[in-house]
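Quick notes on the structure that follows.
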Amino acid sequence: MSLRSADLVDASNAQAVNNFREYLQIRSVHPEINYDGCVKFLEKQAKSLDLPIKIVTVVPGKPIVIMTWTGKNPNLPSIMLNSHMDVVPVYEDMWSQKPFGGEIVDGKVYGRGAQDMKCVGIWYLEAIRMLKSNKVTLECTLHVTFVPDEEIGGKDGMKVFVETEEFKKLNIGCALDEGMPSTNEEFALFYDERCMWHMNWTCPGISTHGSALVNDTAGEKVAYILGKIYEFRRNEQNKLKYLKGTMGDVTAINLNVIHGGVQTNVTPAEIKFGLDCRVTPKEDFKTFEKMIESWRSEAGSGVTIDFVEKWLPVPATKLNDENPYWMAFKKATEALNLKLVPQICPGRTDGVFLRAKGIPVLGFSAINNTELLLHQHDEHLGVETFLKGIQIYCKIIEAMANV
Ligand SMILES: [Zn+2]
């Protein structure tokens, strides 16, 4: 019996969807992930693609998986196709489908990681499968990397990996990493990201009877600082509203943790609070730091700030003809009639560690016309969007690898 070409297309689509579903069924969920399931799954994928696979261990229990498709000219800088294997926890009872079932309901594949970002990892592999089956050969080498722990900051993942000899040997010229779904026709493209500042503030105060009207209370200091924070926040919200930019063009600041006090009739000796601040690289960092320091010193005596994270900007990826990989990416997406919206990523991704090493990174997930469900209940991806994604990555990868 011979298969018609339509059957072949259907068969390869079914295999791709099944691989996606199988990957979603692996519980690589925080906290305390055992990555063995992912490694086993990827070893099986590498075998089916006839690609060599290497597991690099920098931190025990946190494997970095690298599949390599050697190009015709392996001396050229390579392309890294990066994705993270880990996913964030779920509130299982809030899901309408099993979060690790990989089930298809109404044409959508459900599962934690369906958008962030197991879909992208599978897209790289399925695009390679398609290119290989079409007998396409590439000029430069591809390294498909699957890294751990991105969702908890990448400290034991990409951050340490970029410092190794193994990483240097990959000789990466450009990397693809995650983007963000878009709810309309357009596609988001990240060329830079906001800098994470996590601060723990401590406001000491006079501890006395709760009925007293003394000065120098912790509450007054907190009130002063919060007044400044919310004024700054309103300004940033207005900027976003009137400047018609994207989230990455402004700075976000949020009060997310607060502790203090022992009992209602005792003024607290101390109130502590934690801020998550995402500073746009468009900010003047010296001025911004001075502003934070002025809030601290004006709030009252003894106020301290402990910076848990204080990132400074790294070189943004150039989106001009100085970056041939971008030009190839752009041309490929134009040929597919995709409308890209280049922007600064509002969050943090592993791309930052690569950009810090001077490697251009394009943050892209081939998801448009889709509800944004990153880290949310009922995360899912339409089967049609998934299948279209394979075609998109085929074109992009082929163009970038023939720069
Ligand atoms: Zn992600």
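Keep in mind that glycine also has a Cβ here, set from the backbone N, Cα and C atoms.
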Check: Given that TrEMBL lists Asp116, His375 as binding Zn(2+) 2, which residue among Glu92, Glu139, Glu151 does it place in the same site?
Finding: Glu151
Note to self: Quick check on the annotation: TrEMBL has Asp116, Glu178 binding Zn(2+) 1, so which of His84, His143, His209, His259 does it put in that site too?
What the structure shows: His84
Notebook entry, point to check: Using DSSP, how many residues in the domain 'Peptidase M20 dimerisation' (196-299) fall into helix, strand and coil?
Noted result: 44 helix, 30 strand, 30 coil
Check: Within 10 Å of the Cβ of His375 (Zn(2+) 2 binding site), how many other Cβ atoms can be counted across all chains shown?
Finding: 15
Next item on the list: For Glu151 (Zn(2+) 2 binding site), find which of the recorded positions His84, Asp86, Glu178 come within 10 Å, Cα to Cα.
Entry: His84, Asp86
Notebook entry, point to check: Which recorded positions among Asp86, Asp116, Glu178, His375 have CB under 6 Å of ligand 1?
Noted result: Asp116, Glu178
